[in-house]
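**Student:** Sequence annotations record features per position, and here TrEMBL assigns region 'Disordered' to 1-30. What TrEMBL records for 11-24 is compositional bias 'Polar residues'. Under the heading active site, proton acceptor, TrEMBL lists 126. Per TrEMBL, the feature Zn(2+) binding site maps to 346, 348, 351, 379.
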């Protein structure tokens, strides 16, 4: 054996021992471990796009959907009612950050994070794995888990194991929990490390499942995360292992992880395409970390149901409004004499279907008062929600290819401006963006 093979074997044996110890604890039945129900209600006859009804403990969410990111229990600048008003029923919390501030003990006193943040709809919590990349200088990974330096307390360390990640998420009471995975940058060039991360993520999934099967105070579903970098062979191995029947019975859905980290768009769509071809049809599919309009629509065409990103809220804080005719940088002087609203067809609190705040006013406001960024955030979330609603409607009418052609023409204004990768990705599922008019 090579030193690399020996290391992988040792790590596998260590993980098996850990999982066996966990499985000795009292457990739920496989049926009670998954409270999610996915009902496919419509499919595109050309692409792999589909519309589903996702039933979770708090409410029903229609898919495809975009999940705004409420990292520390809130979407920056908004109260829950403003988020809800945009027809949003599923948002994302961050396990790592909530466990540090305010801490699970405080959240537990009121009965979980739904009550704590005043959100009556569905919640998904990530596992804390992404912080292995975003806080790389503060973390160290081993087979046991991820050790973080507490950024708020000097010389204090936090060991986040797969079991602890799930325990925290169980304590939070989110509707969907994510497994802890071994996350590395999508541009990682060391093939040994990429394979190690993929195989460790499989082993950690078993440890997460074992903890998920133990009694907990809230009904929840667990999602697995497919890893393997940009290597299709490693992705295939991970897909086959994580969709093994004994594992799949305890899992509510699958996420495609390890993307949106600087890889080329060609690599991005080909990995998504490869994964959705293999993932089970009756499980929810989640592409992590995407928020650009074109990325979302291509992913939906390839068979993705769910996505999340900080993009619409973060870009609002930079003064950029999202519209169906492309983004508007309101810091530019060109809007100072434009008295139109951001989108006359948008009924959000900022636009009011043409009777709301003008581009001129918003352009001035963001230079003077933080409320300007607040109003753009409201609109950007409404835009994302409307985009998803229109996509669902087009799929149900079996007019999704026509919808894509109309959207790209309005958004990019001319076919020569279409991103080449979008054209190629959509062509792979039967949509020719260059043919503006249907035959």
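Each Cβ is built from the backbone N, Cα and C atoms, and glycine gets one as well.
Whatever TrEMBL says is automated annotation, not expert-curated.
Any idea what these are sitting next to in the structure?
**Tutor:** Mapped onto three states, the DSSP output places residue 126 (active site, proton acceptor) in strand. Contacts of residue 126 (active site, proton acceptor) defined by a Cβ separation under 8 A and a same-chain sequence distance of 6+ are given as 92, 93, 94, 95, 96, 178, in order along the sequence.
DSSP classifies residue 348 (Zn(2+) binding site) as coil under the three-state reduction.
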**Student:** Give the sequence-ordered list of residues that share a chain with residue 348 (Zn(2+) binding site), lie 6 or more positions from it, and have CB atoms under 8 Å from its CB.
**Tutor:** 85, 86, 356, 378, 379, 381, 382, 383
**Student:** Starting from the Zn(2+) site formed by 346, 348, 351, 379, give every other residue of that chain whose CB sits within 8 Å of the mean position of their CB atoms, in sequence order.
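**Tutor:** Result: 341, 342, 343, 347, 349, 350, 352, 356, 378, 382, 383.
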**Student:** Neighbour count first, Cβ atoms within 10 Å, every protein chain included; then name which of 346, 351 tops the list of binding-site residues.
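**Tutor:** Per the Cβ count within 10 Å, the most buried is 351.
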